[in-house]
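Undergrad: The structure's right below; bear with me while I get my questions together.
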Amino acid sequence: MTQHWPAGEIARMILDGFDDYREHFRRITLGARERFEQARWQDIQRAAAARINLYEQKVGEVNGWLRDAFDDEVLLEVEQWPLVKSAYIRLIDPRLDDELSETWYNSLFCSLFSHDQISDGCMFIHTTRPSIRSHQRAAQTRTYCLDASLQSLLRAIFADYAFAYGDLESDVSRLEAQLREHLPDWVCKDSTLTVELFSPVLYRNKGAYLVGRLYNSDEQWPLVIPLLHREGHGVEADALITDEAEVSIIFSFTRSYFMVDVPVPAEFVNFLKRILPGKHIAELYTSIGFYKHGKSEFYRALINHLANSDDRFIMAPGVRGMVMSVFTLPGFNTVFKIIKDRFSPSKTVDRATVIDKYRLVKSVDRVGRMADTQEFADFRFPRDKFEPECLAELLEVAPSTVVLEGDTVLIRHCWTERRMTPLNLYLEHASEGQVLEALEDYGLAIKQLAAANIFPGDMLLKNFGVTRHGRVVFYDYDEISFLTEVNFRHIPPPRYPEDEMSGEPWYSIGPHDVFPEEFPPFLFADMGQRRLFSRLHGELYDADYWKGLQAAIREGKVIDVFPYRRKGR
């Protein structure tokens, strides 16, 4: 080893790469307003995918910089990396996005070293950022007081958030009525009533969102005002939302990531946490596009939970998967999914295809109907954190992925998703009204995914879950495809009477052929549920319905899927 080991130079190069990533990330994000104002819906989808892919692309570039600048015997001397970490800490201490720069450093370390060399001495398993920072600032917000009337307050808001509104006075009247409907009359007349909105606008898909809170001397309510651009009619304020559950859904793990310019991410996350206290900060960071840091915060929450509870891993409730094995911690609202070594004979996919399908979900518009995933490699857990039956099953079905190393269980590869109640189990215990609502939403989920060019493939009830807000969400991705890749067909009429009696089809079936007429018995064993779903969403059984959606997608149409209830529409 040379006398001078280049810890400072390596740390600086890693941070320079982070600055480059942040600049490109911000450039894509800042284009969101123009794309919204010009109604460039397909460009919005492309920009969202490009921003998601940017992180790994830039990590790869910086990995190349480091390998070009330093010999491997120097760069990969892992015993020296605590020096790099120390130098890096000094560099990021004055920054306003220091928590993100820790995650970036971790990504570079993991791109250079195998996971068995991970330690808190070399990287940031635990954050070094103080919970209260000397440079921490309050979020950038605008405040509006009830000086005259609710309409005057709303007009003041829209004067500051200036767009080419089509009929602002009509919007103001409608939003005032919604506000009076949502809040008690005495609140609407309270002279201390104040609106605080985050200064930057949030953009996602075909919408823009003003986000903040309403408060008086006693209480506070979240506040979201979605804006839509009606081509040829200008921008309109579509709704005024103060219900915490509805606002939580807007920031759901089933949604695409917002584009919002946040030079100090912790500011905005702390602001959101005040109005959505039920959201974990991992989910809030992820919701604004910092999904890698969301992953860091998730992992820290997981290891903290394991260290401070008696929780043990169990197999997740529900029908065992044919491709994936799923386990969970009862006290931690997450499932862990691993790929089995052998699939059921009816499955034609292979391991590489399953991985590609799950990675695809990260970059497509999930329209509130697909759970976001996080991919992990080389998780290590204490053996005594597994129930024996759970560990035995995992070792049996996935011995290449789950490895016992003394008192440690190594999970070589897995995905995490939010835990939900499987739809088939939910229906078993649901009331008549709950069955109706769940099947209505199940059909809507399929339709909205299809309109976003996603075909679930395996649409069985067990592959959908019900969230705590009662929404039906798809979560099993090994057979998903783009809708435009599927060949929807009507079943040809039988050639002879004997054809109908045969157990074999009398027509050829290609690898991408789907016959919607076959859905009813495939989806529903319960005849009552089958009849109800046919009444609610019978068009899903018609190949022409699916072909119509395909035609619209090929024409470049981008559908409206709203993450909130639209009042009076």
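Each residue, glycine too, has its Cβ placed from N, Cα and C.
In case it helps, Swiss-Prot gives these features for our protein:
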BINDING   ALA316, PRO317, GLY318, VAL319, ARG320, GLY321, MET322, LYS337  ATP binding site
ACT_SITE  ASP372  active site
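Each of these features: where is it, how hidden is it, and who are its neighbours?
TA: DSSP assigns ALA316 (ATP binding site) to coil in the three-state reduction, outside any helix or strand.
Around the Cβ of ASP372 (active site), 22 further Cβ atoms fall within 10 Å across all displayed protein chains.
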Undergrad: Least buried of the binding-site residues PRO317, GLY318, GLY321, going by other Cβ atoms within 10 Å?
TA: PRO317
Undergrad: Count, for each of the binding-site residues ALA316, VAL319, MET322, the other C-beta atoms lying within 10 angstroms of its own C-beta, and report the residue with the smallest count.
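TA: Among the binding-site residues ALA316, VAL319, MET322, the sparsest Cβ neighbourhood within 10 Å belongs to VAL319.
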Undergrad: According to DSSP, collapsed to three classes, what secondary structure does ASP372 (active site) have?
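TA: It is coil.
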Undergrad: State the three-class DSSP label for GLY321 (ATP binding site), counting H, G and I as helix, E and B as strand, and everything else as coil.
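TA: DSSP assigns GLY321 (ATP binding site) to coil.
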Undergrad: Restricting to the record's ATP-binding residues (ALA316, PRO317, GLY318, VAL319, ARG320, GLY321, MET322, LYS337), give me the longest CA-CA distance in Å as a whole number.
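TA: About 15 Å separates the two most distant Cα atoms.
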Undergrad: Among the binding-site residues ARG320, LYS337, which residue has the fewest other Cβ atoms within 10 Å of its own Cβ?
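TA: Selected from the binding-site residues ARG320, LYS337 on minimum Cβ neighbours within 10 Å: ARG320.
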Undergrad: How far is it from GLY321 (ATP binding site) to ASP372 (active site), counting Cα to Cα, in Å?
TA: 19
